[in-house]
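In Swiss-Prot this protein carries:
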type    : residues                                                       : note
BINDING : GLY393, PRO394, PRO395, GLY396, THR397, GLY398, LYS399, THR400 : ATP binding site
Amino acid sequence: MLISGRSGWAILGTGGKAAVNRGDAGKLGGQSVIARAHVKVDGDVVSRFATCCRALGLAVYDRQRPADLAAARSGFTALARIAHDQCDVWIGLAAAGDVSTPVLAAISCTADTAGMLQRQVELAPAALGFHYDTGLYLQFRAIGPDDFHLAYAASLASTGGPGPYAEADQIVTGIIDRRPGWRDARWVAAVIHYRAGRWSDVVKLLTPIVNDPDIDEAYTHAAKIALGTALARLGMFAPALSYLEEPAGPVAVAAVDGALAKALVLRAHTDEESASEVLQDLYAAHPDNEQIEQALSDTSFGIVTTTAARIDARTDPWDPETEPGVEDFIDPAAHERKAVLLHEAERQLAEFIGLDEVKNQVSRLKSSVAMELVRKQRGLMVAQRAHHLVFAGPPGTGKTTIARVVAKVYCGLGLLKKENIREVHRADLIGQHIGETEAKTNAVIDSALDGVLFLDEAYALVATGAKNDFGLVAIDTLLARMENDRDRLVVIIAGYRADLDKFLDTNEGLRSRFTRNIDFPSYASHELVEIAHKMAEQRDSVFEQAALDELEVLFANLATSSTPDSNGISRRSLDIAGNGRFVRNIVERSEEEREFRLDHSNNVGTGELSDEELMTVTSEDVRRSVEPLLRGLGLMVPHD
């Protein structure tokens, strides 16, 4: 598809028709076609054929009457059931208006009998024929065998898909081999490649046509717009614009497509003012066109480009989905690394203790981004979604770790080029003098491009509440870069919910960009015990049961008590301690107490310490580690 949204590039005759196998072509009512060049035709068939041709308004035996297409279509449909091996019957049915893929397949398969019935009823040469849709802007008239094969190929391609494209191309290639200068065959070949997104082939096929002085104005107009579009899809904007500069012409739908393509090429050239003028004129003339409306309202709506080399690298030449992305093509191992990143992200998420709702939200986020990218690749409408996130919750609940998981997911899906996450705080962004904050913020953002910027305690940027706080400058700078680098930057802000809400209210642009929230609840006491057990296990340590019981009581007490934070706000004591972060500190400090205890035991230096003694953390080790930790946090130390 041409653009990142639902394809509105008008292509005629793209209704949902079923592809027909060559072996099934010509079947109607379960009867198979047997094509024969010299067959004595039944007199009743000739008579009925003559009647049907008169209904088409053709001169039969030099006699003619007004056309009745409904009667002609009904008559030819009935006649095809008994004379299914006669191409002229199928041609008549197409002339009466049935140019469906099965009918065109039958015409193609019985082409060597074409003319037999026409001669019997003395039709003028080329009197019996039909118009068919090429699938892009133009209609051709079919009167001979090569026309019939071409019509079937065009109809087959209109059904879409790698199989039909390949079969249609095989038919047309055979015709071009016999008649290399036939423009109609080259046009249908170009349409097949256009539909399959083989833009470099479209350019090769149409360049001779668009420069041919002998073709009519409509043909030239259609070829010019299609060629300009193909060049734009290849990222060759300057030559594309040379064909799209004056998109008006006799083919109305091509004129609209050309004008929209021109606007998007101008946008790609960063000439948004000119692009907007073209789009406004288009919208005034076509207010119901969804693509024009979206392109006008969304400046990120643009052309998705590729290269001839990437097209040639498809594993299936007719399937755009097998085309490697930019990173995959430059680095063939990139696809494998993306799969590894997604696997790592899923593994890390599964290993998290608790946080069931957080895990669910991250899984939904992954699905949302994955399907958004698939829809974009298919040319379907994709609503503009910001991928920035709000992680709301107390310290130590896994926000930073989950941010790393999200970075892996985004990179693994191809939304970001890197899995890097740059964690920053107020001090990293704020300067002391005018102009310094903007420079520092831009430098930090530059270092985070193509990855994730994780702004912890984001509300600290405006904590003073002063109007001249440099934090407001940092926010304005961040918002501008989030817009200008929207395809290269994902920002995650983290902190307490109430504080984040106040932060988002400080600038009207913040809430519109941070629309997705993931809430991180405080851990339950039993979850923290499980975390401690697992953390110790990973360090070749083990808590004795009495130590685990000691921890459970400690965590329960902290979870049910409250303590003022540094700003005087009453918070759960466990949140002040830092939840999972507090657990890590306990594990590390308890191991230090164990080492000190063993070092001063009677067994040290005698070689009699067992592995169990070297690994076991006792309740006394825990008690001795907890007291200084709690004092350092300003929390009450429990007493027996």
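Numbers run from 1 along the shown chain.
Each residue, glycine too, has its Cβ placed from N, Cα and C.
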Counting only residues 6+ apart in the same chain, whose Cβ is under 8 Å from the Cβ of GLY393 (ATP binding site)? LYS399, ALA494, TYR496, ARG497, ASP519, PHE520, PRO521, SER522
What is the Cβ neighbour count of PRO395 (ATP binding site) at a 10 Å cut-off, with all protein chains included? 23
Distant-in-sequence Cβ neighbours of THR397 (ATP binding site), under 8 Å, six or more positions away: LEU355, PHE520, PRO521, SER522, TYR523, ASN579, GLY580
Site of maximum Cβ density within 10 Å, from binding-site residues GLY396, GLY398: GLY396
Around the ATP site (GLY393, PRO394, PRO395, GLY396, THR397, GLY398, LYS399, THR400), what further same-chain residues have their C-beta within 8 angstroms of the site's C-beta centre? PHE391, ALA494, PHE520, GLY578, ASN579, GLY580, ARG581
When DSSP is mapped onto helix/strand/coil, what comes out for PRO394 (ATP binding site)? coil
Rank the binding-site residues PRO394, LYS399, THR400 by the number of other Cβ atoms within 10 Å of each Cβ, and give the residue at the low end. THR400
